[in-house]
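According to TrEMBL, the features are:
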REGION    1-34  region 'Disordered'
COMPBIAS  1-10  compositional bias 'Gly residues'
BINDING   CYS19, CYS33, CYS36, CYS42  [4Fe-4S] cluster binding site
BINDING   GLY72, LYS73, GLY74, GLY75, VAL76, GLY77, LYS78, SER79  ATP binding site
Amino acid sequence: MENGNNGGGEIPEDANEHCPGPQSESAGKTDSCAGCPNQEACATGPKGPDPDLVAIAERMATVKHKILVLSGKGGVGKSTFSAQLAFALAGMDYEVGLLDIDICGPSIPKMFGLEGQSIHQSNFGWSPVSVEENLGVMSIGFMLPNPDEAVVWRGPRKTGLIKQFLKDVYWDELDYLVIDAPPGTSDEHISIVQSLEASGIDGAIIITTPQQVSLIDVRKEVSFCKKVGLKVLGVVENMSGLQQRLADLQILEVSESGVERDRTEWFMEILRQKAPEALNFFSRTEVFDSSMGGAAKMCMEMGIPFLGKVPMDPELCKAAEEGRSCFADNKCVASAPALKRIIEKLVPDRSALASPKSNGV
């Protein structure tokens, strides 16, 4: 797998975690530099602008909007939201790219049905893998010879690849670049914010689930955004209750000893005879504890936008597993309308929603 070659401002591959970079004024002087084999060279070496940042700014000049998708914890549906946001924007006739910087857990290729694809080189740079005519994807997942191979990299090497993605991928003209980041606040987050500082980021969408154990880390994510000057576009409460049609339920009779008996057909037949209209009703179960007010209350307390709730929908899970848009058909009846309302808040030109493409919102 190719790793970004060290340029004037590139972080050495053998550097310590949280390396400030050899061109930084604090190079070789911070606590994170202690014991690094490059400490003396960095402390005494000449300082200057990072040439990579100039190349990144030039490459990003053709990208109108850049949206970072974050989460405090893993497993809250961040990548699923990133993928469906990209599908929706492409369905509204925008030119869209999705950049996956989750180096150690790249799930984006799976969520677009692109497993087994590889990156191609052109005269202009690396070419994104095409999903549709107006939707392209770039991920480290396309660079792994074996999808089961673990990426065991220190921070500096991750930073090098992120910079390489930003300066070497040729997106052409884009309306939106959706950037799917790993969970937490780590080197990847610092790197993407610093690398795009010159060209600008519209802001970050933070994905969470309703319970406090997730919201605690979201508060840290909001704090990170404030420290680095990144605007919080809003918070999405994902998996906000399990919601599905009664007709899609499996009904079990469980004995005192725990033996299960499938009574689905018996139950559905009673509904068909006694209350056929109920088959179109939805059931809703709170999976996570939201008794403390969930993300909506947290946003009110922290003074940041709350974008809305997306229920846990088995059909949305299937869409992600199959690498397709949840807006392409009428299967995701619980989640697609909720996602649509959130996207309407994010996209300035809401009139575009009136005439979507076939896979659009």
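Keep in mind that glycine also has a Cβ here, set from the backbone N, Cα and C atoms.
Looking only at the binding-site residues CYS19, CYS33, CYS36, CYS42, the one with its C-alpha closest to GLY77 (ATP binding site) is CYS19. VAL76 (ATP binding site): 24 other CB atoms within 10 A of its CB, across all protein chains.
Separating the Cα atoms of VAL76 (ATP binding site) and CYS19 ([4Fe-4S] cluster binding site) is a whole-number distance of 29 Å.
Distance between Cα atoms for GLY72 (ATP binding site) and CYS19 ([4Fe-4S] cluster binding site): 23 Å, as a whole number. Residue pair LYS78 (ATP binding site) / CYS36 ([4Fe-4S] cluster binding site) shows a Cα separation of 35 Å. Here GLY75 (ATP binding site) is compared against the binding-site residues CYS19, CYS33, CYS36, CYS42, and the shortest C-alpha distance is to CYS19.
A straight line from the CA of CYS36 ([4Fe-4S] cluster binding site) to the CA of LYS73 (ATP binding site) spans 30 Å. The shortest Cα-Cα distance from LYS73 (ATP binding site) to any of the binding-site residues (CYS19, CYS33, CYS42) is found for CYS19. Within 10 Å of the Cβ of LYS78 (ATP binding site) there are 26 other Cβ atoms, across all protein chains. Within the same chain, residues at least six positions away from CYS33 ([4Fe-4S] cluster binding site) with a Cβ under 8 Å of its Cβ are ASN16, CYS19, PRO20, ALA27, GLN39, CYS42, ALA43. The C-beta environment of GLY74 (ATP binding site), restricted to residues of the same chain at least 6 apart in sequence and closer than 8 Å, consists of GLY105, PRO182, PRO183.
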